[in-house]
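Feature list (source: TrEMBL):
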{"type": "DOMAIN", "residues": "15-427", "note": "domain 'Major facilitator superfamily (MFS) profile'"}
{"type": "TRANSMEM", "residues": "55-77", "note": "transmembrane segment"}
{"type": "TRANSMEM", "residues": "89-105", "note": "transmembrane segment"}
{"type": "TRANSMEM", "residues": "117-139", "note": "transmembrane segment"}
{"type": "TRANSMEM", "residues": "151-170", "note": "transmembrane segment"}
{"type": "TRANSMEM", "residues": "176-197", "note": "transmembrane segment"}
{"type": "TRANSMEM", "residues": "246-268", "note": "transmembrane segment"}
{"type": "TRANSMEM", "residues": "280-299", "note": "transmembrane segment"}
{"type": "TRANSMEM", "residues": "306-327", "note": "transmembrane segment"}
{"type": "TRANSMEM", "residues": "333-353", "note": "transmembrane segment"}
{"type": "TRANSMEM", "residues": "365-383", "note": "transmembrane segment"}
{"type": "TRANSMEM", "residues": "403-422", "note": "transmembrane segment"}
Amino acid sequence: MVFKDCLVGFKELRPLVHLLLPLFFHWIAEEMTVSVLVDVLTSALCPGQTTCSEVIYISGLQQTVVGIFKMVVIPLLGQLADEYGRKPLLLITVSTSMFPFAVLACNQSRDAVYVYYVLRTISFILSQGSIFCIAVAYAADIIKEENRATAFSWITGFFSASHVVGNLLARFLPEKYIFVVSIALLIFGSVYMYFFLVETVERVDKRERDSTFLTKIINVTRKRYESMRYAAVVVFRSPTLRVISFVSFFYELGMSGISSVLLFYLKAVFGFNKNQYSEILSVVGIGAIFSQILVLPLLSPLVGEGVILCLALLASIAYGLLYGLAWASWVPYLSAAFGAIYVLVKPATYAVISKGSSSVNQGKVQGFIAGVQSIASLLSPLAMSPLTTWFLSSDAPFNCKGFSIIVASVSMMIALCFAFLLKPAEMSGHYPEEEIEAPLLGES
């Protein structure tokens, strides 16, 4: 019976094909550059060295700047997607990555790397997190509530599959072709989405053509503020959305901290290069495909998203601790195996959020909680970059090169404690925004 229901759910996911296919190529293009970027950036800024504190600090600064702007940009993009449509916002966000990669495709000097960092920072501000946010809102528009967990798992499953393909391309393609192929895939994904993706939101004519430019700016600012305030009230008046926002914050605080320094840590401690990076990332990706596309749709009706979320958080803690305590070069591969489970955090979180909010506010609520996650990604490098550099240096107070990763794992333990507070009965059926919408509109 479960398999039959699962197959029925898969058939209902067919409308997502024109969303998943261009995103698949976009994520392949993004992922295939990850493993080679460590070598390119280190070679440009610290020639002949395996450890480059300048790269670690600049990457941390980049993540901090991105986090600051994402706190406003992601909720804003979520609101704009609710009002002006998913398609134009998706086109804007997926098109930004081709410009920084074009710089490195032409030149990999020190100056070119600095230009890359500037353009990549702008790209991250617009696309990091917002693509998932808008894609999830698009899926919620056309998929029934009981099948949304499956839909979200397919989105994240395609994300993991793209990681595997991207890492295989990075493993076997010559380095000089990686950025060129990446740009070609990014262009293809944007063009495909422009021609084939169907809009799901009807734009409302605001009829403000007779207003002055200054009046339009004031009205837009006021409406953005009211909409963000409304989303914040919705989240914090709902027990489910309030708890999941704390889960998202502490999970992102730990995982983004680990992700920001992990490849540099592996290069410094074990001498890994792009081939080892690709192998480790492929291990995570292959397991993630299986768990998100096959396991999650089968388990979700049986145990619920809350149980899946807790199990995935446990796996993320094991993932971080094994990396932090790695005593041999094979341990990172063992740690990567837990990626097959911890990747379920994202789709389970999306499902909980979607069930806890009404259909008309999917973009606003998903965007607000994505903004909460961006605050975490802003804070994590402030501690992770100096802590990682300190413990990788000869001035470390004790011999534990992965101490910063262990600290990040503690944050995910806190996220697990909050996840235990989720109650299945509160995850769906009642939307508090329906009670607060009238007074908020009345105030405006």
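Residue 1 is the first one shown; counting continues down the chain.
Quick reminder: no glycine exception, Cβ is built from N, Cα and C everywhere.
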Contact check, the transmembrane segment (280-299) vs the transmembrane segment (403-422), 3+ Cβ pairs under 8 Å, seq sep 6+: no
Across the domain 'Major facilitator superfamily (MFS) profile' (15-427), average pLDDT on the 0 to 100 scale: 82
Leading contact stretch, 55-77, 89-105, 151-170, 176-197, 403-422 vs the transmembrane segment (333-353) - CB distance under 8 Å: 151-170
Selected stretch (most C-beta pairs under 8 A with the transmembrane segment (246-268)) from 55-77, 117-139, 151-170: 55-77
Cβ contacts the transmembrane segment (117-139)/the transmembrane segment (55-77), at least three under 8 Å, sequence gap 6 or more: yes
